[in-house]
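Participant: Take this structure first; my questions come after.
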Amino acid sequence: MRAEVALPILVPLLFGALSLIAWRSNLMQRVLGIIGSVTLLICSIWLLMSVLDQGHVVMYMGGWMAPYGITLVADLLSAIMVVLTGMMAVAIAIYSLSSASPSHEKFGYYPLMHLLLAGVAGSFLTGDIFNLYVWFEVMLIASFALLILGGERAQMEGAIKYVTLNLLSSAIFLSAIGLLYGLVGTLNMADIAVKLSQTEHTGLVDVIAVMFMIAFGIKAAAFPLFFWLPASYHTGPVAVSALFAGLLTKVGVYALFRVFTLIFNQSPEFTHQLLLWGAAFTMLTGVLGAAAQFEFRRILSFHIVSQIGYMLLGLALFTPLALVGGVFYIMHHIIVKTNLFLISGIVHRLLGTYDLKQLGGVYKDRPYLSILFLIPALSLAGLPPLSGFFAKFIIIRAGIEAEAWVVTAIALIVGLLTLYSMIKIWAEVFWKPLPENHSTVDSNPSTKPSSLAFLYIPVVLLGACTLFIGLNGQPIYEIAEASAKQLLNPALYIEAVLGETP
Amino acid sequence: MEPIMAIVTGCLYASAIYMMLRRSIVKLVIGLMLLSNAANLLIFTSAGMTRGAPPLIPLGAMQPDGVIADPLPQALILTAIVIAFGVLSFAVVLIHRAYNIIHTDNLDEMKDTDT
Amino acid sequence: MMKPGTLILHVAARFLVPLQLVFSIFLLLRGHNEPGGGFIAGLVASGAFALYLFTFGAAVTRDLMRVDPRNLIGIGLLIAMISALPAWFHGQAFLTSQWWPILLPGGTEIKLSTPLFFDIGVYVTVLGSVMTMLVALTETEER
């Protein structure tokens with residue numbers, strides 16, 4: 001049996017349960033955190049290998065055949081996402097060795113982290129639309145609890161917005177599932193795709209499609225319902241914000257990719273057009289919001305929103321090249337964004353604040369950290385030869401080929417404004433001298449070198465990944481291309497799940 | 001039966017949205033509760049309402065006798081209720097702690113993280 | 001501070017809690033072939049402890065439960081997880097039911113199975129998570 005498709009879900013759940021039992025011992029939890037995330041990474045690479053080797057990997061949980069039981073399906077996109085999840089898990093687990101405070105660990109930091117990873121992996125791998133909802137909720141509950149670790153005022157305010165908007169999105173998602181089930185009478189995504197292509201295309205299908213779009217759009221922080229993200233992501237502990245920034249919104253993006261290539265592909269002139277404008281406004285509002293900010297993590301949060309726009313643009317153009325770009329962008333973005341948040345955490349550890357106006361002089365004191373920042377920052381802005389350049393290049397080229405001039409122009413302008421934001425951070429945090437009235441916290445015992453090393457290791461590793469994608473993009477591009485091919489040919493997915501082509 | 005259920009569902013959605021737009025966090029949570037109930041009722045109604053026996057196969061038989069209700073929407077609703085229960089109990093704990101820290105339940109006074 | 005329970009509540013709780021716990025076990029095992037099961041049984045059991053909690057307070061309930069509710073979540077999850085694995089060794093998909101009929105001396109047959117263990121896991125997890133929440137809330141009130 002193909003166990004590799006279920007292991008990325010089972011492994012974090014198992015380690016979550018173990019570290020919940022070991023909650024009295026912080027050391028045990030840390031060890032379990034490292035072992036668990038490394039195991040997850042190994043399992044996910046195994047999954048990617050076998051998907052590359054043999055195409056879709058399918059497992060019918062409990063031996064109940066599709067469309068009756070819950071099916072786990074891994075195509076290339078899911079496998080890529082799971083591998084990225086594993087990479088982020090390892091990075092955050094190492095980072096947490098130094099960044100997590102003992103009180104957070106007592107409160108269940110590691111079990112919640114494992115639960116979150118299980119939810120994320122489950123969302124990527126499930127082939128059942130209701131099961132997707134369940135994994136979304138697993139992920140959300142874990143993320144709610146992680147976000148308020150520490151219990152400061154800003155966290156509470158941020159969490160209330162986060163919880164409300166996400167519950168609203170879940171309710172819309174659930175309503176859409178109900179209507180869809182009433183229409184086609186099945187929950188298996190492949191089966192829904194078959195049934196939906198056979199039923200008459202009525203207005204109700206479009207209504208359901210838009211409901212899914214709104215539900216996933218909220219989760220992905222797309223225009224117009226993205227306000228919860230910049231209001232909440234900068235409030236949590238930094239390792240948590242980094243994990244959220246890298247993975248959580250991308251689950252929404254993944255769900256959009258899955259649903260709008262597999263199920264709702266009948267009327268792209270309506271749905272994908274809507275997505276296109278959503279993507280354009282997402283890019284623009286995100287980057288303009290960032291331009292007005294002077295707090296390290298808030299700038300980065302707004303940039304998540306604007307980058308989500310690029311990924312959606314890849315989906316909305318719906319040409320083979322654009323989908324390649326979208327997938328490539330997701331891969332590049334998860335690594336880069338997590339890395340930037342981790343760096344903001346290091347700066348905070350060194351100088352005790354996230355406020356750009358009170359920061360400064362990091363380049364003078366720690367030139368290596370500055371270079372580590374420049375790699376993801378310039379990659380985010382899309383400068384060659386880093387990973388972001390190729391991601392943006394593919395998408396913009398796809399936009400020009402599809403003759404979507406306005407949106408392509410917006411994408412280019414947003415790239416420029418991203419560069420502006422990154423330069424702003426560079427100038428304020430790294431270049432300008434430290435403001436005189438600033439009291440350094442260098443005497444803080446927690447900044448001793450051994451504890452800082454754990455903060456640097458993941459940053460260096462992720463920076464290396466960015467460089468690798470940039471300098472050796474060909475294999476990554478080929479994987480993205482193969483997965484875009486699979487996305488554009490849903491018959492493969494349906495055949496893998498249901499057995500034969502109907 | 002369906003028209004009545006449709007009206008009930010609509011009223012639930014409407015009152016949920018109304019409650020969520022109020023300024024108090026307690027009312028916000030009540031709105032969220034109503035919203036999840038509305039979604040559950042929607043699944044129940046749109047999946048088709050049949051008057052039938054519970055979908056259990058008697059001992060020894062290979063198939064149920066007579067008309068049975070579709071078990072799947074019920075399973076979905078049950079799952080959704082459980083999830084809503086978990087999430088909302090979290091939300092209640094959250095507003096309780098938030099109230100202890102912020103000392104207000106007025107959403108208008110929670111704008112520190114907005115700008 | 002929680003009001004101390006009244007006499008009626010005290011007496012009733014002493015009688016009802018064991019009854020409810022036994023009933024929850026009944027529901028758990030009945031879930032095998034008939035309505036019932038781990039989730040609802042776990043809720044009934046946590047109902048029992050909740051009644052005890054409201055009557056006697058958090059500290060006494062913790063003593064009664066002996067195990068920390070948070071540990072219960074972990075143990076329950078672990079049991080449920082382990083029940084998913086045996087199918088793997090038989091080369092089947094995860095969670096596929098495995099049955100081990102055991103013939104008792106009296107001639108009756110007991111069917112042990114992975115769904116039973118899964119249900120027990122669910123039972124313990126539900127009990128643990130509801131109690132974690134209730135105890136935490138009560139303790140913040142009592143403070």
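Cβ atoms here come from the backbone N, Cα and C positions, even for glycine.
Automated prediction, rather than curation, is the source of TrEMBL annotations.
Quick caveat, the model's predicted, so the values are computed rather than measured.
According to TrEMBL, the protein carries these features:
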TRANSMEM  A:6-24  transmembrane segment
TRANSMEM  A:31-52  transmembrane segment
TRANSMEM  A:72-95  transmembrane segment
TRANSMEM  A:107-126  transmembrane segment
DOMAIN    A:128-418  domain 'NADH:quinone oxidoreductase/Mrp antiporter transmembrane'
TRANSMEM  A:132-150  transmembrane segment
TRANSMEM  A:162-184  transmembrane segment
TRANSMEM  A:204-229  transmembrane segment
TRANSMEM  A:275-296  transmembrane segment
TRANSMEM  A:308-331  transmembrane segment
TRANSMEM  A:368-390  transmembrane segment
TRANSMEM  A:402-423  transmembrane segment
TRANSMEM  A:453-471  transmembrane segment
Participant: Cβ pairs under 8 Å only, please: of the recorded stretches A:72-95, A:275-296, A:308-331, A:368-390, which one is richest in them relative to the transmembrane segment (A:6-24)?
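Facilitator: Maximum Cβ contact count belongs to A:72-95.
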Participant: Under an 8 Å Cβ to Cβ limit, what residues of the same chain, 6 or more beyond the ends of the transmembrane segment (A:308-331), are close to it?
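Facilitator: For the transmembrane segment (A:308-331), the sequence-distant neighbours (Cβ-Cβ under 8 Å, at least 6 residues beyond its ends) are 77, 80-81, 84, 220-223, 226, 249-250, 253-254, 256-257, 260-261, 268, 272-273, 275-276, 278-284, 286, 387, 390-392, 394-395, 397-399, 401-402, 404, 407, 411, 414, 469, 476-477, 480-481, 483-485, 487-488.
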Participant: Quick check for me: are there 3+ Cβ pairs below 8 Å between the transmembrane segment (A:107-126) and the transmembrane segment (A:31-52), leaving out pairs under 6 residues apart?
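Facilitator: Contact between the transmembrane segment (A:107-126) and the transmembrane segment (A:31-52): present.
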Participant: So what's near the transmembrane segment (A:453-471) in sequence-distant terms, Cβ-Cβ under 8 Å and 6+ beyond its ends?
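Facilitator: Counting only partners 6 or more residues beyond its ends, the transmembrane segment (A:453-471) has Cβ contacts under 8 Å with 87, 90-92, 94-95, 97-99, 331-332, 335-336, 338-339, 342-343, 345-346, 349, 369, 372, 375-376, 379, 384-390.
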Participant: With a Cβ cut-off under 8 Å, give me the same-chain residues at least six positions beyond the ends of the transmembrane segment (A:132-150) that come close to it.
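Facilitator: Apart from its flanks, the transmembrane segment (A:132-150) reaches 101, 103-104, 107-109, 112-113, 115-116, 118-120, 122-123, 126, 156, 158-159, 162-163, 166-167, 170, 173-174, 177, 219, 232, 235-237, 240, 244, 248, 251, 255.
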Participant: Go through the chain and flag residues at least 6 beyond the ends of the transmembrane segment (A:368-390) whose CB is under 8 A from any CB in it; none is fine as an answer.
Facilitator: 303, 307, 328, 331-333, 335-337, 339-340, 343, 346-347, 362, 415, 418-419, 422, 425-426, 429-430, 456, 459-460, 462-463, 466-467, 469-471, 473, 477
